[in-house]
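Record features, source TrEMBL:
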- A:12-30: transmembrane segment (TRANSMEM)
- A:96-305: domain 'ABC transmembrane type-1' (DOMAIN)
- A:98-119: transmembrane segment (TRANSMEM)
- A:131-155: transmembrane segment (TRANSMEM)
- A:175-197: transmembrane segment (TRANSMEM)
- A:286-308: transmembrane segment (TRANSMEM)
Amino acid sequence: MLVWLARRLAQVVPTLILLSVMIFGLQQLMPGDPALILAGEERGDPQVLAQIRAELWLDRPLHVQYLHWVGNVVTGDFGFSWRIREPVARLILQKLPVTFQLASMAFLIAVLIGVPMGILSATHRDRPADWLANGIALFGISMPNFWLGIMMILLFSVQLGWLPPSGYVPLTEDFWQSVSTTIMPAFVLGSGIAGVLMRHTRAAMLTALSQDYVRTARAKGLTERVVVWKHALRNALIPVVTLGTIEFGRLLAGAVLTEQIFTIPGFGKLIVDAVFNRDYPVVQGVVLATALIFVGLSLVADLLYMAINPRLRQA
Amino acid sequence: MTVPALTIENLSVEFATDRGSLRAVDGVSLSVAPGRTLAVVGESGSGKSVSALAVMGLLPGSARVGGHIALDGEDLLALPPEALRARRGGAMAMIFQEPMTSLNPAFTAGEQVAEALRVHRGLAPAAAFAEAVAMLERVRIPDAARRARQYPHQLSGGMRQRVMIAIALACRPRLLLADEPTTALDVTVQAQILALLGQLKRETGTAVVLITHDLGVVADHAEDVAVMYAGRVVERASAATLFARPEHPYTVGLLGAAPRLTGGEGRLASIEGTVPDMRNPPPGCRFAPRCPFAITRCVAEPPPLAEVAPGHMTACWRAPLAQVLGAA
Ligand SMILES: Nc1ncnc2c1ncn2[C@@H]1O[C@H](COP(=O)(O)OP(=O)(O)O)[C@@H](O)[C@H]1O
Ligand code: SF4
Ligand SMILES: [Mg+2]
């Protein structure tokens with residue numbers, strides 16, 4: 001187990017190196033001379049420009065710049081935002097929990113709706129419950145998030161007045177307030193994933209339910225509930241878990257738009273603002289952080305995989 | 001004579017399929033006494049598995065079952081689903097052909113045996129697991145305590161089938177249905193598994209239905225035999241009688257006793273022609289298209305299963321066949 005973990009972590013190293021090279025390269029391709037942007041009013045003064053270049057190591061050879069940057073990143077120094085004049089790392093750490101809360105809630109909603117619906121749909125194959133579940137899944141997948149978001153705001157905020165239409169209260173401040181400000185965006189964000197999860201769960205369950213071991217479970221005299229929710233589901237979950245982690249990564253990306261609709265000050269807002277203001281260190285930091293999260297997620301996926309699939313648990 | 005553990009009377013199973021209905025089992029009658037083994041023999045597709053699944057109540061929803069099935073005198077077809085579920089794995093159990101896929105890959109061998117004990121005997125998890133280990137010892141799995149904690153992929157085919165037997169016999173069923181339990185195993189393992197089944201049967205007094213297409217298995221491991229062809233029983237006798245004096249031309253063909261019927265030597269003689277399409281079976285004797293003894297009546301009218309000698313039944317218009325063979 002520990003050996004496996006060590007080996008798995010070692011595999012991550014080349015990925016990270018490749019990622020860092022790509023992100024660094026991207027920075028080089030970005031238009032505009034950072035020194036010029038940073039100098040602002042004083043861009044006419046060659047001395048100021050030279051000073052800025054020296055500060056940012058822009059006057060060194062490329063490979064030295066790269067190593068310097070990597071060295072900084074490894075020690076948690078993601079650079080300074082040009083616009084807000086704050087460390088990028090701090091900005092990310094401020095915004096990330098917001099988006100993470102939103103994505104986690106969306107994912108929870110997606111799992112709680114998608115997985116049981118997929119199971120139900122498989123056990124009621126070709127019957128009304130199956131058709132209904134498929135209809136709902138299609139709705140969830142094909143509904144544009146902004147439209148669903150606006151409709152929900154109109155219904156729950158404008159018409160019924162149950163939920164605030166925008167804004168955000170951190171979890172640490174007030175739990176219920178926080179949930180009420182994030183439940184609608186989380187639902188909007190989770191609806192598509194719920195549909196995808198439902199379809200995959202349905203397919204995986206149909207496969208599992210046709211296996212010989214399910215017949216054995218029935219022959220043992222187990223109740224249909226145990227046959228479905230224990231024997232079939234345990235095996236069906238293996239492919240669904242992989243998909244789930246990929247979808248969770250996509251959720252983080254999807255949060256960008258949803259955060260705009262509900263004006264939630266998360267990661268999405270951070271990156272949108274940064275891109276529009278050409279705040280390259282922030283863009284770079286966000287991309288790097290996102291990549292790291294994906295790498296972390298794939299590790300979590302593998303661990304979950306091992307937990308439910310005994311065939312991978314040896315060695 | 002003892003009361004049979006299982007009695008099947010006039011069993012029929014019809015499947016609704018896309019291309020019309022298909023009668024896979026048509027008027028089958030059988031019985032097995034406690035402590036005895038009935039072998040059910042026949043080519044692939046003759047309705048052996050479907051008959052066994054009908055007893056267990058495990059046929060898919062597309063199946064319509066008719067006739068009577070009684071387990072210890074209790075009419076299984078009249079039981080509500082929940083009561084039938086309670087019989088499964090308790091009073092009656094089944095072993096399947098494919099040991100590689102019949103166990104759940106996500107649970108240990110011990111858990112899978114223990115589950116049956118928890119459901120039917122209400123044992124607590126720890127007690128059930130301990131009992132499961134004891135059961136694995138009884139089916140002669142070496143180092144049972146360790147094996148109980150292993151997953152199916154860590155066990156050999158023979159070992160998995162032993163686990164299946166342990167699951168099936170864990171609750172001391174009155175009836176065990178073994179559907180080609182050794183077909184997927186290599187020869188030496190086959191013999192071991194069959195010997196084990198016989199031994200456990202003698203110890204527990206369980207009635208066994210041993211489904212096979214291998215007549216060699218029948219000779220060594222069954223007291224009684226029913227030969228099936230195209231959804232019907234065509235011959236029933238004790239194993240000794242069947243091998244000594246086969247009556248039905250199909251059985252004769254299977255045994256390779258009549259040179260004109262056999263495709264080669266040995267016990268698994270193949271018979272020329274193929275099993276009829278069950279959507280559209282021949283109206284008379286279903287074996288008629290392949291039977292060298294067929295007469296006009298055979299094509300028109302199905303022969304009933306009738307006694308040719310005490311305890312020996314055959315469904316053939318030309319029985320007793322000895323006369324025909326003698327005359328030929
Ligand atoms: N679920 C099903 N739906 C339709 N036809 C089936 C089904 N199961 C079995 N059959 C048909 O029933 C017949 C008997 O099958 P089976 O009992 O499995 O034969 P075997 O004697 O080889 O065990 C075959 O023609 C098979 O195609
Ligand atoms: S009834 Fe006729 S066709 Fe059928 S087995 Fe007997 S002789 Fe052959
Ligand atoms: Mg079969």
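Including glycine, each Cβ sits where the backbone N, Cα and C put it.
Bear in mind that TrEMBL entries carry predicted annotations, made automatically and left uncurated.
It should be emphasised that the depicted structure is a prediction, and the values quoted were computed from it without experimental measurement.
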To the transmembrane segment (A:98-119), which of A:12-30, A:131-155, A:175-197, A:286-308 is linked by the most Cβ pairs under 8 Å? A:175-197
Sequence-remote partners of the transmembrane segment (A:175-197) [C-beta within less than 8 Å, at least six residues beyond its ends]: 101-103, 105-111, 113-115, 117-118, 136-141, 143, 145, 148-149, 152-153, 156-157, 163-164, 167-169, 240, 243-244, 247, 250-251, 254-255, 258-259, 261-262, 264
Given a Cβ distance threshold of under 8 angstroms, which distant residues of the chain, six or more beyond its ends, lie next to the transmembrane segment (A:12-30)? 62, 65-66, 69-70, 73, 280, 284, 287-288, 291-292, 295, 299
